[in-house]
Amino acid sequence: MNITILINIQNGPSEWFRIFLIILFIIILMIGLIGNSLVLLSTITNHIEIRCSSTNLLLVNMSCADLIIIIFNIFDIVQFSFDHFWPTAWYFGLSFCKIVRFAQVFGCYVSVQTLLIISIERYISIIYPITISQINYRKRLCLIFILIWSLGFIMALPNLYLLELHPFYNRPQYYICGLSDHWTDSHLITFYKYTESVLFFFLPALIQTILYLIICRKIFLIDRTIQAHCHVQSVQQIMISNSFHRCSDTKLSCSLPLPLMNNNNNKKSLSPTISPCPQGHIIQSRANNANIARKKAIIMLLIVAILYFIAFSPIQINFIHTQINHSHHLYEHRLFFIITILLALSSTAFNPILFYIFSKYFRYKFKILLRHICPLCRSSIKHQNNFPTHLDAISSPIPPYTNYTYATELQPNLADLWWSIDDLRKEITFEFHINTTGWIALGISPAGGMVGADIGLGWIDQSGQLHFEDRYAYGFYQPMVDNTTQDWFGLQGREVNGWTAIQFKRLLDTCDVMDYPIKSGTNIVIYAYSLEDPVIIDGKATIKYHGDRRYTRAIPLQSYANPPSESKFTGLDYFDFQLHNYSVPSNETTYHCTVYKVPAKFPKRRHAIAHKAIIDPANIDIVHHMLMYECDPSAVFDDENLPSGICDDLGEVLMPCTSRIATGWAVGGDYINEFPEVAGYPVGGDFEIQYYVIQMHFNNIHQMSNRTDSSGMRFYLGNELRQYDIGYMTLGQISGATAIAIPPYDDRLVIDSYCPALAMQNIPPTGITVVAAFPHTHLQGRSVWTKIIRNKKAVQYLFNGDAYTFNYQFQNRLPQPITLYPGDELATRCIYSTTNKSVVTLGGEATSDEMCLHMFTYYPRMNNLHFCWMANSMEAWGRVTNDSIPLDYNSIVKWLTDRQWTRQSIADWQTFYNSTSKLLIYDNGGNIDFADLPKLPDYEDFEPYQCKKNTTDVDTALRPSKLRSLLKRMEITS
């Protein structure tokens with residue numbers, strides 16, 4: 001594409017036209033220089049999603065090439081500004097002749113190759129999303145960049161050799177930078193030009209045309225799929241954690257995977273009659289918007305490619321004309337030459353404008369940079385477990401024997417508990433203080449009651465000696481001393497000022513049928529005490545019934561968050577997002593939404609160092625959970641009349657606020673959630689999020705009509721900015737029947753979801769640090785876990801909520817922060833039991849429905865890593881129903897509800913979930929993207945934990961599983 005050709009031009013352009021061209025060239029030059037420089041600056045500032053997107057990085061690569069073209073065209077513009085004989089005369093000597101023309105051609109080669117690679121990347125990512133996600137994109141891009149720049153350099157090298165300075169036609173004092181006379185008629189230069197045209201124009205144009213046609217067809221099919229399931233993709237709206245919008249009537253016009261509930265009468269309706277659903281069109285709109293975002297990206301790339309080939313087509317037209325006619329170049333026509341130069345230079349200036357129009361991230365960064373707000377990327381440091389530790393919420397007058405990892409006040413002025421876990425020895429050490437001088441007992445219960453509980457019981461006798469016993473509760477009577485092995489060990493104890501303090505330990509899993517393991521996740525701790533010591537009869541301790549002095553507390557013993565005393569935050573700035581005497585409807589299930597804005601008194605960016613859930617004490621029995629969502633930066637509301645009401649009724653108004661969870665609280669959880677000392681949640685100032693929505697779930701079981709509520713969320717603000725911003729990521733299933741359907745009488749249904757590297761590819765090279773986990777299902781959930789998959793092997797749990805209890809849901813702090821890296825994948829599993837239900841349980845938001853969500857807190861925050869969900873594909877539903885029903889949401893719900901569930905069909909249902917094709921829904925820089933998975937990806941799992949203790953001396957007739965199953969049935973019967 002060398003545009004320097006020998007031509008004969010004697011007269012320059014008219015003066016006015018020359019001035020016009022000078023101005024035009026300078027404008028194009030400035031736009032190109034500033035625009036492409038902004039693209040480059042966007043990659044070295046703090047928008048991780050720009051730095052870590054392969055397409056964005058390729059666009060940046062093209063901007064580098066365009067900058068080379070622009071910078072080296074400055075020589076031609078300078079000449080034209082001072083000389084009437086431009087564009088032929090050359091004033092800068094032979095060396096610059098060779099270097100400038102080499103650089104111009106080199107930049108063009110790199111640009112066109114980059115456009116080709118972008119089209120290939122887009123093709124693979126849309127047609128074969130999982131395939132490309134399995135390749136480390138940074139290594140891939142590194143190799144691509146090396147190839148592009150190396151090939152461009154090699155192909156441009158002949159210009160350094162072929163170019164010479166020639167005296168100008170009848171004006172020997174002027175020179176032309178052109179091909180050497182030796183090469184102008186050579187077959188070698190003809191071969192070179194043919195090769196150049198094929199490799200860097202015609203072949204890329206053909207390949208890109210074919211690929212973009214295929215991509216457009218695929219997107220059209222996705223569009224049809226979205227229309228076909230307006231439900232499964234309600235996905236997007238359901239998206240997030242508890243599905244943000246629900247139909248206020250169960251008769252959905254577009255069959256959405258929403259909970260079948262009615263805010264008016266709380267009765268499920270399976271009527272095939274279809275009436276308008278106020279937000280059916282909203283959810284469909286959300287799905288369409290997601291695909292529109294993808295279309296916009298493709299349109300942008302198409303326009304960039306088309307403009308490039310239009311810009312450089314005159315060069316190819318001239319080449320073809322010359323080869324066919326064997327005549328003079330078209331460049332001898334001054335207008336043709338000027339158009340050629342203008343188009344070539346303009347293509348480099350158009351690209352940043354297109355990025356600004358079509359990419360909200362580049363647009364946002366351009367605005368920030370143009371306002372001279374350009375913070376540099378923060379340096380990465382080694383992450384460490386630097387949560388503040390607060391063990392001061394304790395009422396016992398006796399100081400603990402040693403320092404512990406965790407502590408909690410079980411009952412004010414009555415009972416305190418400290419504990420630490422030795423991961424190497426797999427054992428836990430407790431210190432238990434109770435305001436009594438009699439016996440005290442602490443146990444681990446499988447279901448919250450006495451039956452099957454594993455108990456450590458101890459007392460201090462009158463001589464000050466410690467006694468401690470391992471006991472087991474077969475039923476609602478005095479727990480028996482464990483006659484297999486003693487697995488609870490008393491270490492030391494004392495009585496002081498009417499309090500008893502005992503330190504003791506046990507293994508996390510003793511492998512003893514008369515002990516209950518302390519699992520990862522939520523453990524149900526029971527404790528009791530007496531005012532008297534046991535009575536010793538024949539050397540055995542007999543205890544009196546504790547009466548009402550018994551308690552239950554659910555605690556994630558292996559991941560407790562050590563909530564601080566609120567006194568720690570005294571004197572700090574704070575603000576509340578809070579209801580004010582809201583009249584709670586008498587419906588059993590109500591979802592209420594209110595939009596809030598960060599107070600104007602915080603004009604500078606601050607970090608919230610903790611969130612506090614403010615639960616109205618009068619309504620602690622009906623406030624089930626609340627979630628705080630971030631609104632899109634583009635959201636605009638009337639600050640004097642912010643929306644508030646039933647979430648369904650607000651409809652499209654809340655659409656910008658449905659895809660990003662900021663924080664949450666659920667029943668049983670601790671009220672204060674404090675962040676690591678290196679990270680905080682950003683608010684105010686230049687932070688792009690200005691509006692939030694708090695969604696309140698009221699579970700008014702008794703349908704009381706006289707309740708008013710003032711619950712909400714408080715932000716405690718630190719005095720200084722911390723190093724990192726906190727972010728949240730949610731995994732699992734969408735909350736609808738197309739994703740979750742659990743047969744009745746099923747003791748164990750497993751629902752798996754998978755977040756492939758495709759959805760995680762924008763993680764920075766230094767990784768993200770995960771510090772807390774929040775698993776969430778409803779009443780039938782028994783276990784929730786997520787594993788890290790690296791190179792198709794499970795390497796560890798991100799969090800294992802092996803013991804999950806609906807009534808006690810915690811923000812679980814990871815014992816040690818875990819770093820996720822580019823290429824990592826995440827496998828999430830929810831396990832359910834419906835042995836107590838006679839009807840199918842469907843996915844939805846009502847407490848009687850089910851969910852499968854796993855939310856994680858991490859830093860540094862990324863604006864393209866908020867959610868990654870799955871649902872069964874509509875094709876899968878067609879197969880399992882033998883195409884006997886219309887593939888819409890209501891029909892699927894009716895089919896599931898009417899189905900006769902047998903032992904065989906229940907077993908087959910697990911097979912269906914294990915082998916069916918899936919729809920992946922994930923965050924892609926503020927947009928929602930989709931991918932079809934023929935099945936869940938395979939990975940090599942690690943060996944499950946096996947208890948190593950020798951149990952040959954235990955009666956094999958009472959194996960743990962059999963005994964616990966028997967005890968569970970006894971408890972249910974009771």
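The chain as shown is numbered from 1 upward.
Yeah, the Cβs are placed from backbone N, Cα and C, and that goes for glycine too.
Taken verbatim from TrEMBL:
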TRANSMEM  20-45  transmembrane segment
DOMAIN    35-355  domain 'G-protein coupled receptors family 1 profile'
TRANSMEM  57-82  transmembrane segment
TRANSMEM  102-120  transmembrane segment
TRANSMEM  141-162  transmembrane segment
TRANSMEM  198-215  transmembrane segment
TRANSMEM  297-315  transmembrane segment
TRANSMEM  335-358  transmembrane segment
DOMAIN    413-530  domain 'DOMON'
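Here the transmembrane segment (297-315) sits apart from the transmembrane segment (20-45); fewer than 3 CB pairs are under 8 Å, leaving out pairs fewer than 6 apart in sequence.
Counting residue by residue with DSSP, the domain 'DOMON' (413-530) contains 0 helix, 63 strand, 55 coil.
A mean pLDDT of 66 is what the model gives for the domain 'G-protein coupled receptors family 1 profile' (35-355).
If you look at the transmembrane segment (20-45) against the transmembrane segment (335-358), you find at least three C-beta pairs under 8 angstroms, all six or more positions apart, and that counts as contact.
Distant neighbours of the transmembrane segment (335-358): 3, 7, 13, 21, 24-25, 28-29, 31-32, 34-36, 38-39, 59, 62-63, 66-67, 69-70, 73, 76, 87, 108, 111, 296-297, 299-300, 303-304, 307-308, 310-315, 318, 366; these residues of the same chain sit at least 6 beyond its ends, with a Cβ under 8 Å from one of its Cβ atoms.
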